[in-house]
Amino acid sequence: MAGVSRFRRVLLKVSGEALLGDQAFGIDDKVVDRIAGEIGAAVAMGVEVGLVVGGGNIFRGMTIAKAGGNRVAGDHMGMLATVMNAVALHEGLERRSVACRIFSAVPMPTICETFSQQRAEKAMTLGKVAIFAGGTGNPFFTTDSGAALRAAEMGCDALFKGTQVDGVYSADPKKDPNATRFERISHAEVLARGLQVMDAAAVALARDNRIPVIVFSIQTPNAFVDILTGGGRATIVADD
Ligand SMILES: Nc1ncnc2c1ncn2[C@@H]1O[C@H](COP(=O)(O)OP(=O)(O)O)[C@@H](O)[C@H]1O
Ligand SMILES: O=c1ccn([C@@H]2O[C@H](COP(=O)(O)OP(=O)(O)O)[C@@H](O)[C@H]2O)c(=O)[nH]1
């Protein structure tokens, strides 16, 4: 029997890296299928789901910038990478008969719809998963900022950041074995301590719009649904 969600409408951010699976590059269809299944389970509980996917499994603008190249061109390539991932997730959801639409911040009408808040609102209200591709559509931003922006525009109850770690730590847990994990922390404290789990622009946008950010491991099967129903392991970033 399906559980009961504590949330009505959420924005799920899936890192591009998560789609790698065991591969060094690209998209692992097994991971796409698992994530599509978990989103389908959330939809079956009556949750309206918006989805933002990163592009780090394919391309990041900083890779070009660090090598002395043009950051704007690199970011354009990164945004295109997010569209590729969005198309893969759309396919994964369709295969599982989960109704969905792609709305891209970067117009590419032969592939998907261009983002419009009104059309995305209509789709989500009808219970369709709105897949937001292309981040914010601007260079010098990340898909975390895109996720915070869409969460605010779509009036989401929470932003779920599905990443490689199971929460926010006092330092990067991949680098510092002594890092301690927070169960709960405020947006202001994440910013004041300079915690890098999400970029500052995204945290500030979520704070200003009073959107809780739930940081969890997208690698853990069913974590998304477990957290929706009151269990699971995550750090809640919220002001009291
Ligand atoms: N204080 C911190 N708490 C948790 N993770 C952190 C922290 N500082 C840095 N990180 C790192 O940030 C990563 C998530 O950020 P990012 O690279 O933007 O991920 P994503 O690709 O999921 O958007 C984690 O995998 C973790 O290694
Ligand atoms: O609004 C945006 C969102 C993304 N990007 C580019 O797209 C890449 C992939 O996004 P991100 O790094 O956020 O992906 P993730 O780390 O979540 O896989 C970024 O590195 C940027 O180059 C961008 O320019 N503007």
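Even glycines carry a Cβ here, placed using N, Cα and C.
Binding of UMP is attributed by TrEMBL to G55, T136, G137, N138, P139, F140, F141, T142, T143, and within the candidate set D33, D75 the record adds D75 to that site. For F140 (UMP binding site), the spatially nearest entry among the binding-site residues S15, G56, T163, Y169 is G56, judged by CA separation.
Every protein chain shown contributes to the tally, and the Cβ of T142 (UMP binding site) ends up with 23 other Cβ atoms within 10 Å.
For T136 (UMP binding site), the nearest neighbour among the listed binding-site residues (K13, T163, Y169), judged by C-alpha distance, is K13. Same-chain neighbours of the UMP site beyond G55, D75, T136, G137, N138, P139, F140, F141, T142, T143, judged by a C-beta within 8 angstroms of the site's C-beta center, are, in sequence order, G61, G78, M79, G135, S145, G146. Counting other Cβ atoms within 10 Å of each Cβ, the binding-site residues S15, T136, N138, T163 show the lowest value at N138. Residue density at K13 (ATP binding site): 28 other Cβ atoms are found within 10 A of its Cβ, drawing on all protein chains shown.
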